[in-house]
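Comments concern the structure below.
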Amino acid sequence: MHREPPKKKAEKRLFDASSFGKDLLAGGVAAAVSKTAVAPIERVKLLLQVQASSKQISPEARYKGMVDCLVRIPREQGFFSFWRGNLANVIRYFPTQALNFAFKDKYKQLFMSGVNKEKQFWRWFLANLASGGAAGATSLCVVYPLDFARTRLGVDIGKGPEERQFKGLGDCIMKIAKSDGIAGLYQGFGVSVQGIIVYRASYFGAYDTVKGLLPKPKKTPFLVSFFIAQVVTTCSGILSYPFDTVRRRMMMQSGEAKRQYKGTLDCFVKIYQHEGINSFFRGAFSNVLRGTGGALVLVLYDKIKEFFHIDIGGR
């Protein structure tokens, strides 16, 4: 008779709206700050990834690498074009990262209930991986159209409004939806789910696992947390980068009368056959630098949760 109240209390905690809302706020604020800081590198990375599929960039005008891209963007499009699409990126990234973090902690409660880290280490480790992957996949289903629009806006290289393909976020979504329907906004969704599970599983799972092995995970020094986060984001980014390249290429097809790829597998095969394996990792170094922003998100998220006095369960 006396076991029922604790059970109800546990159920209440599992679906605590207040805690969930604070998770959204903490993750969103941390993400907005970090993405604005690394926006120029983000745009360079996108251009290097998709220039072979862009009709706006002729073969002879393609960027030779990160440095060439960094030099030519301000010269050809203006200095502030480094932040082109950044507002859309912040709008997209707020719900994406916030939902990732919020769902991650909820999935951790579901997957790790009753798991003892000391006695069931591998089950605990796999639960961390599963919670990270499930959080990323769930969030992607909700915000994919915004991610799609962010990509198309980021690789739009016209100098003035008359040369641009899209006027802004709303214009991009409306034009693609009008020409291809809602399905056009989900171009590349399948490979995105595969890539996001690989990335998020290692991103969240490895970070939480390594921090959990420290003597006092809740009192980890900032520099130690940042170093762990930096290593995790770099490894996760490289591991999932080929999936990201293919999904970006698939996104470039929406709204086009003639399509370059028949599907995800065809895209993988054609990139390998016509451009070589290195093309799957084009812009990867920029992504490593951009990963600094991802590392900051992880660390800032923990600090913001501490500020709001949110219990970081399992850490």
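Cβ from N, Cα, C; glycine included.
These features come from Swiss-Prot:
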TOPO_DOM  1-19  topological domain 'Mitochondrial intermembrane'
REPEAT    18-110  repeat 'Solcar 1'
TRANSMEM  20-49  transmembrane segment
TOPO_DOM  50-86  topological domain 'Mitochondrial matrix'
TRANSMEM  87-111  transmembrane segment
BINDING   Arg92, Lys104, Arg247  ADP binding site
TOPO_DOM  112-121  topological domain 'Mitochondrial intermembrane'
TRANSMEM  122-142  transmembrane segment
REPEAT    123-213  repeat 'Solcar 2'
TOPO_DOM  143-190  topological domain 'Mitochondrial matrix'
TRANSMEM  191-211  transmembrane segment
TOPO_DOM  212-222  topological domain 'Mitochondrial intermembrane'
REPEAT    220-307  repeat 'Solcar 3'
TRANSMEM  223-243  transmembrane segment
TOPO_DOM  244-283  topological domain 'Mitochondrial matrix'
REGION    247-252  region 'Important for transport activity'
TRANSMEM  284-301  transmembrane segment
TOPO_DOM  302-315  topological domain 'Mitochondrial intermembrane'
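Mapped onto this structure are the features recorded in Swiss-Prot.
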{"residue": "Arg92", "record": "ADP binding site", "contacts (Cβ under 8 Å, 6+ apart)": "Val143, Leu146, Asp147, Ala149, Arg150"}
{"residue": "Lys104", "record": "ADP binding site", "contacts (Cβ under 8 Å, 6+ apart)": "Ser131, Gly132, Ala135, Phe204"}
{"residue": "Arg247", "record": "ADP binding site", "contacts (Cβ under 8 Å, 6+ apart)": "Gly188, Phe189, Val191, Ser192, Gly195"}
Note: vs the transmembrane segment (122-142), the recorded stretch with the largest number of Cβ pairs under 8 Å from 20-49, 87-111, 191-211, 223-243 is 191-211
Near the topological domain 'Mitochondrial intermembrane' (112-121) in space but 6 or more residues beyond its ends, with Cβ under 8 Å, are 127-128, 131, 212, 314
Pull the DSSP breakdown for the topological domain 'Mitochondrial matrix' (143-190) and write it out as helix, strand, coil residue counts.
-> 31 helix, 0 strand, 17 coil
